[in-house]
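Q: Have a look at this one before I ask anything.
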Amino acid sequence: MAASQENESDMDFSDNDCYDYNNYYNDDDSDVEHVDPMKVDPEYFEYRCLSEEEVERLLNESVESLSNCLRISPTLAKVLLHGHHWNSNEVIRKYKDNPSQTIIWAKINPPSPQSIMTSNYYTCPVCVTPQHVEKFSHLPCGHKFCKDCWITHFEVQINQGISTSISCMAKDCVVLVPESFVLMHLQHKTNIREKYQHFVFQDYVKSHPELRFCPGPNCPIIVHSREIKAKKSICEQCKTAFCFRCGCDYHAPTDCQVIKKWLIKCADDSETANYISAHTKDCPKCHICIEKNGGCNHMQCYNCKHDFCWMCLGDWKSHGSEYYECSRYRENPNIAHESVHAQAREALTKYLHYYERWENHSKSLKLEEQTLEKLRDRINEKVMSGLGTWIDWQYLFASANLLAKCRYTLQYTYPFAYYMDAGPRKELFEYQQAQLEAEIENLSWKIERAETTDRGDLENQMDIAEKRRTTLLKDFLDV
Amino acid sequence: MANIAAQRIKREFKEVIRSEEVAKCAIKLDLVDNNYTELRGEIAGPPDTAYEGGNFVLEIKVPETYPFNPPKVRFITKIWHPNISSVTGAICLDILKDQWAAAMTLRTVLLSLQALLSAAEPDDPQDAVVARQYKENVEMFRLTARHWTNAYAGGPNANPECDEKIKRLVDMGIEEHQARVALSSYNWDLERATEQLFS
Ligand SMILES: [Zn+2]
Ligand SMILES: [Zn+2]
Ligand SMILES: [Zn+2]
Ligand SMILES: [Zn+2]
């Protein structure tokens with residue numbers, strides 16, 4: 001095998017031509033007036049949407065440069081890179097330090113070399129058929145099996161979705177089968193070979209921290225970023241927005257682990273939380289039944305015109321400005337002394353408080369999408385009857401989009417707050433969250449009444465809401 | 001592929017029959033059908049363990065893709081062990097899953113299962129109740145495993161105290177095995193076992 005030969009040769013290395021300084025994005029650090037874009041926009045993120053072919057090229061470049069640098073075969077370079085999360089520098093460091101041990105760790109060579117058997121006939125230990133030695137092949141470990149058995153082994157493994165982790169068939173042998181060995185045996189098996197190559201590519205992308213498959217349905221795009229952070233990437237092809245680090249729905253300011261914990265909790269507790277999903281509530285003043293049909297949580301009773309908050313049923317006047325208490329959960333300070341039952345009840349109440357708001361903003365987002373549709377129809381009518389052009393009304397769509405963006409962030413502040421420890425930082429967070437919430441509801445209220453709202457007034461409200469959102473992210477988005 | 005499977009099993013069957021472990025009565029292999037797709041294995045409980053003196057019967061099903069995939073093995077004899085389900089006999093053992101290698105044989109499997117009886121791995125449990133008892137109260141675990149070996153695998157070490165408690169529950173109308181499971185799960189606390197059975 002090619003791989004086993006290379007590590008035997010003695011090699012000289014020059015330090016200066018090896019390391020991977022190749023900069024994909026050419027960030028120009030020498031520019032003194034360069035402003036850190038993160039300071040302006042806490043969600044700033046540089047990434048590129050690549051096709052499968054582009055990613056293949058990118059991977060091949062890494063393989064080639066490593067193989068040139070260490071003077072090893074591309075096969076070996078590829079296995080080493082895959083085994084080290086495509087970190088060339090780490091491979092180079094380890095390889096220079098101890099080439100033979102590195103190859104053993106990568107499960108390319110066995111820890112102890114095997115004796116090569118010399119007779120012409122040999123019984124394959126798998127199919128127990130005696131055959132001529134030409135019918136056999138082996139990996140660097142020296143475990144010989146007939147080629148038909150290797151092929152069947154590969155077929156069985158590949159049909160189970162296994163590719164880069166296929167290993168030797170011998171008992172207790174950890175040596176992995178490199179891509180070239182598999183492909184050589186599957187020369188005449190086009191279908192299974194293609195399946196294999198597909199799985200191998202998936203494995204490479206998944207093991208590469210700078211690459212992430214677009215989670216959009218059937219989308220072939222792969223996002224590439226040098227910065228491995230929980231930032232928002234939007235697929236150019238299918239427009240799916242997702243967190244680059246975990247591949248789930250974008251979740252700022254909450255981090256990847258916390259949102260995962262939260263979503264699991266919500267799924268586990270969905271029974272308990274179900275009762276809140278009612279679409280109707282009673283007006284707190286005249287007790288007439290009110291159905292929510294827009295996204296805005298500032299409700300006005302159609303009967304008595306009382307203004308109230310859909311979430312807490314409190315008077316809206318207390319919500320409009322300054323510090324409002326609706327988003328905040330007040331913990332019972334004496335809870336530690338209460339009974340187990342009381343503590344369990346308190347824990348549930350606390351969870352429901354956050355869950356209700358999380359769920360409500362998610363629903364509001366959907367309802368506001370419908371509002372946007374209605375808005376589109378109304379504007380269409382206006383344009384048809386000569387009241388301005390589409391361009392004149394463009395600002396309304398901009399405001400609806402901004403509202404969606406702000407409400408999305410607001411929705412994800414609730415799991416963040418739920419898991420936050422009590423203290424001054426949480427107080428600051430809840431203060432900012434409350435302010436953001438108030439401005440979002442103002443914006444929503446104004447958009448629902450868009451035609452009668454002054455354009456300047458609306459644009460001003462957009463500006464305020466976005467500022468509140470950015471401030472909160474600047475202070476609390478920690479990625 | 002099915003052809004390879006039969007060819008292999010035939011060869012392995014001979015290998016086990018001739019092996020020295022069979023001579024020592026430590027392992028045994030019998031054919032169940034003539035297609036070599038189902039076999040019956042037997043292993044002796046290893047000495048100096050709670051399973052000593054017991055004989056444990058195994059169901060072995062050979063898949064069509066054997067030996068490229070592992071055989072499907074489960075205990076027919078009821079057994080109290082962290083890595084074996086006390087209900088279904090299902091086994092949690094790496095070589096029966098992803099650590100299987102085509103060059104392994106049924107003899108390897110039988111010997112590995114015997115080794116598993118000597119050295120349980122409670123951190124990779126198949127039966128959570130047994131594993132918890134093993135970790136929290138290993139003496140209680142040994143007593144229970146020995147009792148099960150006596151009750152189901154022909155082990156020589158009867159425990160009159162256990163038998164007495166089971167009899168008390170049987171007298172109340174509980175089926176014997178059900179009574180044994182409840183008592184075993186509650187560290188032979190008759191009161192708690194009764195409570196659970198009648199709740
Ligand atoms: Zn090997
Ligand atoms: Zn063979
Ligand atoms: Zn996409
Ligand atoms: Zn994430």
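Each residue, glycine too, has its Cβ placed from N, Cα and C.
Automatic prediction, not curation, is the source of TrEMBL annotations.
Note that the structure is predicted; figures quoted are calculated from it, not measured.
The annotation active site, glycyl thioester intermediate is assigned in TrEMBL to B:C92. According to TrEMBL, the feature domain 'UBC core' maps to B:4-154. Marked as domain 'UBA' by TrEMBL: B:161-199.
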Q: As a test of the contact definition, list every same-chain residue at least 6 positions from B:C92 (active site, glycyl thioester intermediate) whose Cβ is closer than 8 Å to its Cβ.
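A: B:N83, B:I84, B:D124, B:P125, B:Q126 - these are the non-local Cβ neighbours of B:C92 (active site, glycyl thioester intermediate), listed in sequence order.
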Q: Per DSSP, what is the residue tally for the domain 'UBA' (B:161-199) in helix, strand and coil?
A: 30 helix, 0 strand, 9 coil
Q: Taking every residue in the domain 'UBC core' (B:4-154), what is their average pLDDT?
A: 91
Q: Let me know the DSSP-derived helix, strand or coil state of the residue listed as 'active site, glycyl thioester intermediate', please.
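A: Its secondary structure by DSSP: coil.
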